[in-house]
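According to TrEMBL, the feature transmembrane segment maps to A:7-26, A:38-61, A:82-102, A:114-131, A:143-160, A:180-203, A:215-237, A:266-287, A:299-318, A:330-352.
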Amino acid sequence: MKLTNYQLFWLLFSMETGMSVMLVIAPTFRAAHQGSPLATLLAGIAALLVTFVAIKLSLLYPEDTFVEYVPKIIGDWLGKTIVFAYLLLWTAVAGIVLREYADFVHLTLFDKTPIWVILLFMLLVIVYGVQGGIQIVGRCSEVIGPIIVFNVILFRIFSLKDLHPDRLFPLMPSGGWMPVLSGSAPAASFMSESAMVVMLIAFIGNKRKAVATGLWSVGLAAVVLLNVVMDAIMMLGNTVPAKLQYPVYSLSQYISVMEFVQNLDILLVVGMSFTVFVKLGLYLFMTSYGTARLFRVKAWSRTLPIVACLVFAVALFPRNVDESQVIFPAFWKNVAYPIFLFGIPLLLWMIGSARKGTKRSRLPKAP
Amino acid sequence: MRRKRIGLPATLLILLALTGCWDRRELNDRLFELGSGVDRLGDGSIQVVGQFMIPAKSGEGGGDQRSYLVETGTGKTVSDCLLDMQLKLSRRITRGHRNNIYFGEEMAKAGIADVVDSVTRDPDSRLKSDIWIVKGGTALDFMQVSYPLENMPAIALSKIRHIIGKTTGNSLLEVMIEENVAGSGPTLPAVEIVRDEKLHKKTLQIYGRAILDRDQRLAGYYDRMESVYRLWITGETDRIPIAANARGAQGLFNTEVTRLRAKIRTTVQSGRVEIDVDLKGSGVILESLPDVDLRDPAVLRGFEADLNRRVEQDEAAVIRKAQKQFKVDVFHFGQAVERQHPDAWTRLEPHWAQAFSDAEITVHSHVKIKRIGLQGPPPNKR
């Protein structure tokens with residue numbers, strides 16, 4: 001299994017864009033109101049930092065994945081426990097992402113189809129893609145990523161005439177920095193999912209460029225999110241998006257050019273499905289590959305069906321949209337983001353580079 | 001070999017799902033609602049009126065038979081009404097193509113806040129919609145007016161607004177946005193049913209703008225000129241026709257002003273707000289009754305001055321009407337204060353409606369007349 005830097009770029013970009021564009025905007029506006037663009041900008045910077053740490057950490061052990069190098073850094077038992085916690089987290093988030101996707105499709109397209117059918121068929125497609133290896137998902141994202149960028153540009157052009165640039169100002173809200181900071185947390189927690197590169201760096205061919213690729217990719221995703229937030233504030237004002245379930249969906253319904261370019265929400269639904277495919281493909285791969293390595297199973301394709309079943313079960317678990325779209329993101333923001341996406345990788349990086357440093361100094365000087 | 005054995009049944013299984021049987025939507029079972037109306041009945045319940053396209057008729061055009069169907073439903077909420085209406089209809093009501101919603105005057109007086117929720121919650125309903133107030137009438141009256149030019153009378157008004165250079169489809173969104181801005185009042189386009197005694201017919205005519213107060217109840221109306229003066233400030237129209245009296249030459253002249261710009265400057269001094277509105281535009285003379293030669297630069301300058309005085313007076317009157325009569329800010333002045341004086345705004349925000357009513361507002365107009373048409377003086381006058 002090999003990934004190119006180009007594939008890594010589009011993988012991270014597609015994985016980040018879809019879900020954050022759909023689900024992050026309302027909570028951002030709820031906290032930051034007029035300061036939402038600023039909050040998104042901060043979130044983008046935070047995500048870049050997380051990505052940087054994650055890639056640097058992985059480059060300490062360039063040939064190993066997260067599951068393999070964590071025990072090397074902090075010892076077998078502690079390392080394996082942490083890895084196990086990560087595997088559980090990835091399974092949970094994959095299940096919830098699948099459910100969030102199905103909720104959206106259920107609302108917009110198939111309101112009579114039972115939700116498990118939507119879940120199952122999406123999952124089948126993803127499993128089919130992943131079982132060939134991560135490079136399959138990578139190649140898919142090379143096609144999907146540019147389509148997403150094309151859609152974003154299309155929306156950009158079509159919505160130009162509906163924008164009220166005056167609504168963008170003042171950039172700094174009267175409430176001060178606190179609302180902006182708390183408003184940046186939801187976006188930052190979604191965007192920081194790029195920390196998953198810890199599982200991907202090992203497969204990259206040219207590792208010297210990995211840092212630049214990762215940062216460019218997350219940077220582009222942040223620009224797209226910022227662009228959508230600015231659209232929302234310039235079209236819907238600073239309060240209405242907070243009250244909507246999917247502000248971007250409402251925006252896409254609002255676009256009407258020359259009376260015949262209308263109902264562009266279908267582009268959004270399709271784009272969303274594509275990005276969910278990439279995101280879940282990554283999570284399924286990481287979890288099943290990681291599980292196989294952790295429990296010393298030879299073929300990771302054996303663990304894939306088990307992980308897929310678990311993900312399916314998790315996706316069926318939430319009883320209503322609030323559990324999948326409010327409670328879980330809150331957990332993600334308050335627990336997963338500070339600890340699993342930022343804290344642990346940072347600690348590991350510091351410990352890891354310290355160990356490498358001492359090891360190197362202990363080595364006898366070359367004659 | 002093993003792969004093939006799994007692959008074939010899997011393919012067949014997926015083929016089964018492709019038919020999409022759960023959510024099939026046959027066009028033959030659909031009934032497109034192109035306009036809705038909401039009226040308040042005497043006992044506090046509401047009545048929803050739908051104007052539906054009759055599929056077979058709409059293509060033919062002409063003839064005596066109407067190409068649309070009007071149906072009503074009553075209930076406590078809009079959803080009740082829709083069910084009541086659906087029970088009379090053999091095809092499923094589909095609202096995805098609806099752009100216009102009409103509220104009767106009684107409904108507007110009672111407040112429209114409770115009625116809008118069902119519009120914006122339903123994923124099939126469009127956000128890009130206009131809400132109209134039927135001045136002095138009910139939505140049911142309006143829906144029954146026959147309008148020969150369009151297959152669906154409900155869409156005629158959108159076309160009219162488009163022709164006179166107004167933004168369409170934004171008033172539903174405006175209601176949602178303005179409600180969240182302190183002291184700001186939403187406005188909705190208003191339509192009137194006019195009865196022409198000589199032609200023995202009823203027809204519809206755009207009246208102007210209905211102003212809602214903070215509780216989304218009808219506070220009053222702006223007529224057509226007042227509305228367009230307001231839209232000049234909010235930047236939602238691209239032209240405005242003005243009739244002014246030429247002072248030296250005695251007589252009216254009409255100008256169409258385009259390329260409209262409005263600049264709002266605010267100052268806050270010890271809690272008192274001063275607002276300066278600067279209007280710019282370029283005019284074209286459409287008609288000039290006085291017997292003067294407009295090719296004379298001095299005459300044209302005189303006309304310009306008269307025009308600007310007219311604009312300043314009228315615009316000031318429009319603003320004063322909002323300050324004294326409606327007592328809500330319908331010009332987005334509040335947002336201008338927020339942008340220009342964010343600190344003062346935090347103090348003003350809780351009682352902006354009052355501060356707006358007390359504000360001292362001055363209007364300056366700098367319209368330039370650019371063209372005079374094909375002639376200097378009227379050739380038929382001596």
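Yeah, the Cβs are placed from backbone N, Cα and C, and that goes for glycine too.
Proximity of distant same-chain residues to the transmembrane segment (A:114-131), defined by a Cβ-Cβ separation under 8 Å and at least 6 residues beyond the stretch ends, is recorded for 98-99, 101-103, 105-106, 137, 140, 273, 276-277, 280-281, 284-285, 288, 301, 304-305, 308, 311-312, 315-316. Simply put, out of A:7-26, A:215-237, A:266-287, A:299-318, A:330-352, A:215-237 has the most Cβ pairs sitting under 8 Å from the transmembrane segment (A:38-61). Long-range contacts of the transmembrane segment (A:7-26) within its own chain (CB-CB distance under 8 A, at least 6 residues past either end) are made by residues 36, 47, 51, 97, 100-101, 104, 135, 137-139, 141-142, 144-146, 148, 186-187, 190-191, 193-194, 196-197, 200, 204, 210, 213-214, 216-218, 220-221, 224-225, 228-229, 232, 241-249, 271-272, 274-276, 278-279, 282, 325, 329. Counted over residue pairs separated by six or more positions, the transmembrane segment (A:180-203) shares at least 3 Cβ pairs under 8 angstroms with the transmembrane segment (A:330-352), which defines the two as touching. Outside the transmembrane segment (A:82-102), and at least 6 residues removed from its termini, the chain residues within Cβ reach (under 8 Å) are 19, 22-23, 66-67, 70-71, 74, 115, 118-119, 122-123, 193, 196, 272-273, 276, 279-280, 283-284, 286-287, 290-291, 294, 307, 310-318, 324-325, 328, 332, 336, 340, 344. The stretch in A:143-160, A:215-237, A:299-318, A:330-352 that contributes the largest number of Cβ pairs under 8 Å to the transmembrane segment (A:266-287) is A:143-160. Among A:143-160, A:299-318, A:330-352, A:143-160 has the largest number of CB pairs under 8 A with the transmembrane segment (A:215-237).
Listed by sequence, the residues of this chain that lie at least six past the ends of the transmembrane segment (A:299-318) yet keep a Cβ under 8 A from its Cβ atoms are 91-92, 94-96, 98-99, 102, 116, 119-120, 123, 126-127, 130-131, 280, 283-284, 287-289, 291-293, 324, 328. Same-chain residues lying 6 or more positions outside the transmembrane segment (A:143-160) and placing a CB less than 8 Å from one of its CB atoms are 9-11, 13-14, 17-18, 220, 224, 227-228, 231, 235, 251-252, 254-255, 257, 261, 264, 267-268, 271, 274-275, 277-278.
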